[in-house]
Amino acid sequence: MSDGSVLDHHSPYETPLHRDESAIAGMWLFLASEALLFGGLFLVCLVYSQTRAAGWAAGVRHTDLTIGAVNTLVLITSSAVYTMAVAAGQRGDNRGVVRFGLGAAVLGMAFLALKGVEWGQEFRESLFPGPHFALHGPDSGGAALFYSFYFLATFLHGMHMVVGIGLILWVCRKARHGAFGPAWSTPVDVVGLYWSFVDLVWMLLFPLLYLIGRR
Amino acid sequence: MAQSYLWQDGTLRSWLLTRDHKRIALLYLGSITFFFALGGVGAALIRLQLLEPTGAILSDAAYNRVFTLHGVVMVWLFLVPSIPVTLGNFLVPLMLGARDLAFPRLNLISWYLFVASGLLVLYGLFWGGLETGWTFYTPLSSDYSEGRVLPVVLGIFLNGFSSIATGVNFIVSIHQLRAPGMTWYRLPLMLWALYATSVIFVLATPVLGITLLLLAFERLFRVGVFDPGLGGDPLLFQQMFWFYSHPAVYIMILPGMGVVSEIVSTFCRKPVFGYRFVAWSSVSIAAIGFIVWGHHMFVAGESLYSAIVFSMFSFFVSVPSAIKVFNWLGTMHGGAIRLDAPMLYAMGFIGLFTVGGLTGLFLASLAADVHLTQTYFVVAHFHYIMVGGMVSAYFGGLHYWWPKITGRMYPEIWGRLAAALIFFGFNLTFFPQFILGFEGMPRRYATYPAQFQILNVLSSAGAGILAVAYVMPLVYFGWSLFRGARAPDNPWGATGLEWRTPSPPPTENFAETPVVTTDAYDYGELDARTGVADSGGAHHV
Amino acid sequence: MGRIAICWGMLVLLLAAELAATWAGYGIAVCVAAVLMVLVIVLGFMQILRGPKLAVIFALGGLFWLTILLALGSLDSFTRTTVPVPGPALPDRAAGLQEGG
């Protein structure tokens, strides 16, 4: 296991700090890019929730608020727990990284499991848009648009969750081999940025999918 | 002396797993040369078809597939990556005085993503074909197309990640890896241009990604995201598509502008006139370029308010572009101009880009656009920017840095001949298309009224010349790899850190980290350092 | 630890506020709460201010371009004049697909 607190001689950096700051900055830049990926979805939501307001709101009313709210709580907690792993990493506490990291990953999986239950429910109720879409009447088109948005947004967010869980497990594996110390725990930090970002996106998706237009 | 990066370790494995930015640049160079040739074959088929009013060789359906192939391959697999991933990858660390890019592994991953995306796109284009054009407008692409929309769209989605990785790498490198003394205003203008390009890579590409994902989702499950039958808005697809694809035009042209700034300064032996204006015009082109996309939908039912706003911004973007052109001319004014091949390409760029830019103003005007849009006028306009501008700059840059990349000189006479031939062939191909478009010949049709035949034949003849002219560099570059004269460290007497290291550079770029004490393009300092009045790397200390 | 617990508590409270605002029908309050939650995450969990200055620049850049996307991207849809087409309404696509499929 290479020790990240020293530079190998091919590294383009002057000092380890220089390298670690670049990694953090690079992750933020990538997250800015990710923000625009979800930004396209938000644009669709912004336009259709205004131009097809009635149907859109009908769709919002059919989502399962209980599961949505519980999932939000789960994700808040997961993000908080992972932040504790980051703090542990900065202390050089590898066992802490593993413990909190696994906790965050398990909560992430719980989120995905609940999401799966919710999806299953929605498929059974024929809420997936298409020829057999369950909602009828003059506003059914808008509701179908809402559910297109709903399924794609939750799918894309779920994919980010899967990637995030994978990254966390990778960090845990490194920590189990004692890779981190007070001088170097950048991978824990960088993955933390990503994981919190995935959480952040859900903080925006949750009101859009479940709350705004419900009443 | 350290060994050059080319021969450090010659195994195939060492090339395929390399993290050296210079080797990755060459991997990219090989891949995009292949795609350039493939797109060129598409262009040749199009021009052959249009020799006759009824269509010479292809059925209508085949024609649709061929122009889609040409557009998709040229835009996404050649033009967008072209200069950044080849010259940019090679030069960014060298110009900064750094050992490598900020994230060398990410750089290699980006090449693999590019290759994977290329294969997916090729699979779609050749096993089934696609007839939507490179723009994939809905509802044609989502509901009606019988072609392989999904593999092509997913391929381009992947390609986007490759672009983003390159963009992140460049931006962080330019912020973090500048050599001691290399302040922002001492950066070569190529780096300002690549920085601006990278901003677009990072912030526009994801929107294309999500747009294509929505399209794929709609097509795969027939759910109607943009489907007007469900109250969806097909124009929203175009808004989102062009949010990326218009800035992508600046992805294609900005690096070319950077190359031209370098070449013009070197071959006039003068600092670039108005350095700061040229530097900031790159940034403002990138920024304003983000807010003009709506001019692609003036006749598509876009609201009048929206159209007025976008038309206005489109006029704004011509200001920084004009600043660049005038400053290049100001640099050349009174300079000791040497007309080597790179300079011929750069001068071609300036002229052709100006024509392309000025005709863009016609299209940005709401009233004129109604007449000209969807005609060959548009085709000619953007080919003047993309081919006349960008491809000229790309070839100019390849010639200019070829000695540094390979350690060999190319044959100068042939280089000049090819440059002249490209300029001539290009104008013969595309100038008639302005007239065709103005007279009303619509684009993307397999046939046309007989009255347009003369101009079409001229255009096709030009394309033939252009094809020959593009093959020439391939031949003599290949020849020079083995037989070319050994290149000195600084064959052009240029400033810039890349010329202070051997040709080809060692793997670690510089024996010791260079220290920068002067502005870019300081020829006085260069002469003082090398002790020669009219340069020449042979006397390099 | 204290910082993380406080942030977690704030997020839970904001979530409760969102639900209450939804029940009361205040859409704006929901939006405000959501933005506050994002701020808590960015400042509290991601600790943007403790990282390199570049992080702030990149985040603000992303936000700025996101604003351009949302503002100019929706401008067309919100200002478009829809001219009603005389004659019978468009056939229902969903119904058409059902018959065809």
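Glycine residues also receive a Cβ, built from the backbone N, Cα and C atoms like all the rest.
Bear in mind that the values here come from a model prediction, so they are computed numbers and not experimental data.
Sequence annotations record features per position, and here TrEMBL assigns domain 'Cytochrome oxidase subunit I profile' to B:1-517. The transmembrane segment annotation in TrEMBL covers B:25-46, B:66-96, B:108-129, B:149-172, B:192-217, B:241-265, B:277-298, B:304-323, B:344-368, B:380-401, B:413-434, B:454-477.
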(request) Tell me, roughly as an integer, the mean pLDDT over the domain 'Cytochrome oxidase subunit I profile' (B:1-517). (result) 95
(message) Would you say the transmembrane segment (B:192-217) and the transmembrane segment (B:277-298) are touching, if the rule is that at least three C-beta pairs must lie under 8 angstroms and be 6 or more residues apart?
(response) yes
(message) So if I exclude everything within five residues of the ends of the transmembrane segment (B:380-401), which remaining residues of that chain have a CB under 8 angstroms from its CBs? That is, six or more out.
(response) 74, 79, 82-83, 86-87, 90-91, 249, 252-253, 255-257, 259-260, 262-263, 266, 340-346, 348-349, 352-353, 355-357, 359-360, 362-363, 410, 415, 418-419, 422-423, 426-427, 429-431, 433-434, 436-437, 473, 477, 492, 498
(request) Mind checking which residues of the chain, 6+ beyond the ends of the transmembrane segment (B:344-368), have their Cβ under 8 Å from one of its Cβ atoms? (result) 253, 256, 259-260, 263-264, 267, 292, 295, 298, 307-308, 311, 314-315, 318, 321-322, 325, 328-329, 377-378, 380-385, 388-389, 392-393, 395-396, 399, 416, 419-420, 422-423, 426-427, 434
(request) State the residues, same chain only, that lie 6 or more residues beyond the ends of the transmembrane segment (B:66-96) and have a CB under 8 A from a CB inside it; answer 'none' if no residue qualifies. (result) 21-22, 24-26, 28-29, 32, 35-36, 38-39, 42-43, 45-46, 49, 58, 107, 110-111, 114, 117-118, 121, 125, 129-135, 147, 152, 156, 159, 162-163, 166, 170, 173-174, 177-179, 182, 187-188, 190-191, 194, 197-198, 201, 248, 251-252, 255-256, 258-259, 386, 390, 393-394, 397-398, 401, 404-405, 444, 496-498, 501, 505, 509
